[in-house]
Amino acid sequence: MALAILARRRAAEAVLRRPRAAAVSAWRAYAAAGEESDVVVLGGGPGGYVAAIKAAQLGLKTTCIEKRGTLGGTCLNVGCIPSKALLHSSHMYHEAKTSFAHHGVKISNLEVDLPAMMAQKDKAVAGLTKGIEGLFKKNKVTYVKGFGKLASPSEVSVDLIDGGSTVVKGKNIIIATGSDVKSLPGITIDEKKVVSSTGALCLSEIPKKLVVIGAGYIGLEMGSVWNRLGSEVTVVEFAPDIVPSMDGEVRKQFQRMLEKQKFKFMLKTKVVGCDTSGDGVKLTLEPAAGGDQTILEADVVLVSAGRTPFTSGIGLETIGVETDKAGRILVDKRFMTNVKGVYAIGDAIPGPMLAHKAEEDGVACVEFIAGKEGHVDYDTVPGVVYTHPEVASVGKTEEQVKALGIAYRVGKFPLLANSRAKAIDDAEGLVKVVAEKETDKILGVHIMAPNAGEIIHEAVLALQYGASSEDVARTCHAHPTVSEALKEACLQTFSKAIHI
């Protein structure tokens, strides 16, 4: 006992001899190691930091371990937030270049200041990460900066960012380590000429030719940024369609819209070689079904083939946590793994890899730990592509409903008939509602419109409470708003729309 006390005293003295910033971080780690927490969260992304705050709010002593040294995970640091900052900035430039004159606003000598654009993005990210640290302090969450590995079902060994290591003890451990970029065989990402979404967020110059491998959400969003700023964008996709999870009818309109914006698509095409020996990149392509090879040249190639769970190297095998073939951690309905007291949430487990889904997982998980009831309805998790116009959806596509053998009705309303969309000269898109024929219960809503990502939440709420299309159609909507298009689509579903 005397030796243990002496060791702890020497460790504390060593912490105090460090520079202030490092000392504060190390002192938190030292304090966390000294007492057992009720909850230890491994990972400080959207799922992890939300779980930590909620646990603390429920009166549980909580510690959160994050390897980056900044909270918010991929989403806030190199994903959702910086990409939306660049999407907005590039959209403003594109509007100034192509639309302002039509509205009577004339600008001369218009140019892109890329460093300033990047600085605005970085400022937004820094402010939000600091904001989460503030929430941790407010809710008394202990924050440990370092790479954590499971040492036992109640211990996490942490290699601290500022040097040294510590062991954090917890009655319950939540694995919230998120996901990483999925690599492709034969393609090495150097974040210079061949980049992931992370590298695409910080290019130092606008590439003349950008090739995007993968026609999913991320690839189309990042392609939009650089397309607006002047890049010639070609999207190469192995599948026969872009965004395969999207409703088929909406997908076709979406692709036509992107093609009007000068996107080029090479579908049913696979990349079989990548040569970066010259000034640019040469990709060797061939049809997905096999055939003659062709060469596609680019200045920069963005690899956007999806994401994979970040679950290797964190000690799962040490304590026997089970995963599937894709590396996803297997959990029960309470988010507990096969190891008692060890939980997992977010991108680390099966389900959509979305920040908002991870947040819901985190809240429900700690509610279970606190002895309450948690619940996440995965059928009402919305998805949004933040291009312009945006595409947002919730619930089932028409193809999914048809495959289930459910008798259904469809109501559609074009934005060309929406007064607000016409008034702002932004009327490309539609709203589509799929409802059960017998009961009129809404089964899915799909929107392509300006700010579709905001409008979709009315539909999310409708699905959550089992509303019918008539329920939404008979709800008064403010005029003029783009949201009226959803009301009209619901009218068209159970009866007949007014304005078409």
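Each residue, glycine too, has its Cβ placed from N, Cα and C.
Each of C64, C75 is a candidate, yet TrEMBL gives the disulfide link of C80 to C75.
With respect to their backbone Cα atoms, K84 (FAD binding site) and C75 (disulfide bond) stand 10 Å from each other.
Cβ neighbour counts within 10 Å, taken over all protein chains shown, single out T177 as the most crowded of the binding-site residues T177, S179. Here the Cα atom of L220 (NAD(+) binding site) is found 13 Å from that of C80 (disulfide bond). Here the binding residues for FAD are K84, G148, T177, G178, S179, D347, M353, L354, A355, H356. Their largest Cα to Cα distance works out to 30 Å. Taking all protein chains in view, 24 other C-beta atoms sit within 10 angstroms of the C-beta of G214 (NAD(+) binding site).
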